[in-house]
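**Student:** First, the structure itself, so that you have it in front of you.
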């Protein structure tokens, strides 16, 4: 049994042997046929000898047999090697078996055909032919020749027998070789089939090898990427290890610090408990001090008067005539020039008292005294500083009302809302008051107070209430707004169909002021190019609560910009549009007169106060009563041409300044 080989090597061997195997089948030697032809030739050559032998009695000479074919005793080694290379190991094995089974044949001296048994020549001479009469000699010669023939025949019989044996063996070998050849041909066909299958398998394997090589290339690329990533991860691992070591060191340090801090925490907790008790005690004390501050603040405001009047003189605008010297004087206070002025002196020439001689008319001097007088050079910040404490009273639960009174063009709107642009120095009382309230409310939040603010802005035009914060389809529908009680038995007043906007910062207030300024009714008059023809009322409803102590306070802050107060006669030219201006002026003067009557009734402690005679006084009812704090700005013009209206405004303000409403009370629950 041959050792088993791998299928791939066997297929390759079969492919290499494919062509030689085909050729070897045609060139395979047939030793049996050659031996048969040699024996036939020998038999043909021996037949005449036999005939001649049988005719010895009559013939004088017997022809010798033909030379035999050389015996097939050996097979050349080179031939066997060639056959073995072409036919393979099995065929070479069969040829070697035939050669091995052949028997050697002894060489026999054979005479050439036609030679006879003639006695040898004596002395190199050819024997002479016996005479015819020498029958005995001839007989002797024939006997000798017969003997030789018999010996030769015997020898030939032996050779023939050997050749027959060899022939029989050769035929058997030829038969065996034929069988083996057919077997080898079948095997060769099988090998060819296997070779074809091997070639197909080789192709498949080659394709598979290419595919595997491609996959191997991809895997090698992936391996390289993984190796690179592995290196990066190793580097990252080293970094993380170093970080971990650093964190462990820091953790150990932190644990050591923590252990030392725990002792400190225990002591701090004890100290915190002590501080908490002290804080609670101080909180109680602070609350008491805050209540005392409010009480003293209210007393201070009461000492200043629950109805206070400030006079403000606007500066001369560009293009206006400069007033004569001495027209307006601001005498110093009791403390000298360092004290804020509280008095105002106005000088005028009385044209009605002029002499017939044409001498100049005497100058009449009018002196007025108010809680504070602001000369033309006073800024907005100086004005607000004087009223900031009054505004803060609204956070303490006291209703506060501040309104600006004066003729058209005296600076009322500038005082309340501010000037054009975004210059912070020109901001009016409304934005400054709300900024101050937000700031103080933020400070009081540390003491447990929480405040909410709700703003509304309306105007009263020709005794009609209009919402200045209306937008969209509601804009211009102020006639639908009415003043009503908030509920049955409630003293709080509200304006129906008006917007009440919660505010919490300055930007929201600025947006509301811009919207109201666009919606306010203005017109050109003989006194001012752009005159406000309505009373604008900005109200801020303030609600405060101290939840831990169960305290609540609610109070309104009303900031009012009154319409221009002027008489009907100074230079009013009636035209197509002046009738409407006339009706507006009548409504304005009527409401201002009602405001004066209400203040007088409150001062005189009258049982009936005519709030309902005007929409303005009715809306401000809760801000004008005995529990409210009120401040009026009387704004006047520095021009001599407006001296009549200035005197009217100053006289009205003096009457108001002489009124005493009473002690204000905080609205608390």
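Each Cβ is built from the backbone N, Cα and C atoms, and glycine gets one as well.
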**Student:** Using TrEMBL as the reference, determine which range in 91-110, 111-130 is annotated region 'Disordered'.
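**Tutor:** It is 111-130 that TrEMBL annotates as region 'Disordered'.
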**Student:** Match it up for me: which of 202-241, 242-281, 282-321, 322-361 does TrEMBL list as region 'Disordered'?
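**Tutor:** Going through 202-241, 242-281, 282-321, 322-361 one by one, TrEMBL gives region 'Disordered' for 322-361.
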**Student:** For residue 409 (ATP binding site), just count the other CB atoms lying within 10 A of its CB, please.
**Tutor:** 24
**Student:** Looking only at the domain 'Kinesin motor' (306-659), what is the mean pLDDT?
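**Tutor:** Per the prediction, mean pLDDT sits at 83 for the domain 'Kinesin motor' (306-659).
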**Student:** Have a look around residue 411 (ATP binding site) and count the other CB atoms within 10 A of its CB, chains all included.
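**Tutor:** Within a 10 Å radius of the Cβ of residue 411 (ATP binding site) lie 20 other Cβ atoms.
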**Student:** Would you say which of the binding-site residues 407, 408, 410, 413 has the most Cβ atoms within 10 Å of its own Cβ?
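**Tutor:** Within the set of binding-site residues, the most crowded position is 410.
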**Student:** Over all shown protein chains, what is the count of other CB atoms within 10 A of the CB belonging to residue 406 (ATP binding site)?
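**Tutor:** There are 29 of them.
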